[in-house]
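Per TrEMBL, domain 'Ig-like' is recorded for 20-139. As annotated by TrEMBL, domain 'Link' applies to 143-237, 242-334. The feature disulfide bond is assigned by TrEMBL to 189-210, 287-308.
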């Protein structure tokens, strides 16, 4: 690992673990980026840079993980370890641990990843002579979205619900993924299947038609249902391995013309999951209603403005119009 040497006396953020009289901090020149699924587990890699026979498992070797903020005073302690003694902090308490595959491994495992975990982390390994600092950036890649078919709400049994998500470039959402989406502001008053066979819906603004006003915000649960019962579904789409784009055309298109236009452009007509991923994870914004693969017409707004979803950022749903109607453009998707 190429490294830059900086005297420890110049660095205050790790003063608890350094020995400023004699030690040096070795900053790795590599910035590692790691992606995780919302609600899943992720490993942030960190290894001791060898000097002689030192190892992380040796007596006196310490490791400290910190979540780094733009304002250093807002840095968050994540985990500190010295030998058998380990301590986790704040929102990371009982949710993180060291991987420790071998004596040089100080990698951090984070469970139940949330949007709050996104950001830069420092892994500092201290042996009293050299302090190794490695930087890791965690990105959370995924979006939960509600889905109902063209026949209307509450028309999907469990099997059809899971297939509907797959048809839209997604999978059935897990409870943890829906919970994290709710914490991120998802509010939806229609109950939907999750991948575990339960039926839930997320409410951030309690109101009479959505479980009443006496209950606080949270996930409303119908529990585990007969799999032939009919509800909507919550889907989960990961980061795109391609690009969603608006296909510029001289005229509006029927649905069949829209499908063909994307094919002629070396792409395919975009799926609902593609649009949600581009909107949520890439900030895609376009105030033009366009056909998607399921026959619906939608448009993504990440910058609310007059005549374009003025009240909130959202994927706006126009409907399932007659497929012969020449009133809309098309969104295409091209894989990398």
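In case you wondered, yes, glycine gets a Cβ from its N, Cα and C as well.
TrEMBL: automatically predicted annotations, no manual curation.
Recorded features from TrEMBL, shown on the structure.
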{"residue": "189", "record": "disulfide bond", "DSSP class": "coil"}
{"residue": "210", "record": "disulfide bond", "DSSP class": "coil"}
{"residue": "287", "record": "disulfide bond", "DSSP class": "coil"}
{"residue": "308", "record": "disulfide bond", "DSSP class": "strand"}
Neighbour count (Cβ, 10 Å) for residue 287 (disulfide bond) | 13
Including all protein chains displayed, how many Cβ atoms other than that of residue 210 (disulfide bond) lie within 10 Å of its Cβ?
-> 18
Please spell out the DSSP helix, strand and coil residue counts for the domain 'Ig-like' (20-139).
-> 9 helix, 60 strand, 51 coil
Cα distance (Å, whole number) from residue 210 (disulfide bond) to residue 287 (disulfide bond) | 29
For residue 308 (disulfide bond), write down the residues of its own chain that are at least 6 apart in sequence and whose Cβ falls under 8 Å from its Cβ; none is a fine answer.
-> 287, 301
Mean per-residue pLDDT computed across the domain 'Link' (242-334) = 97
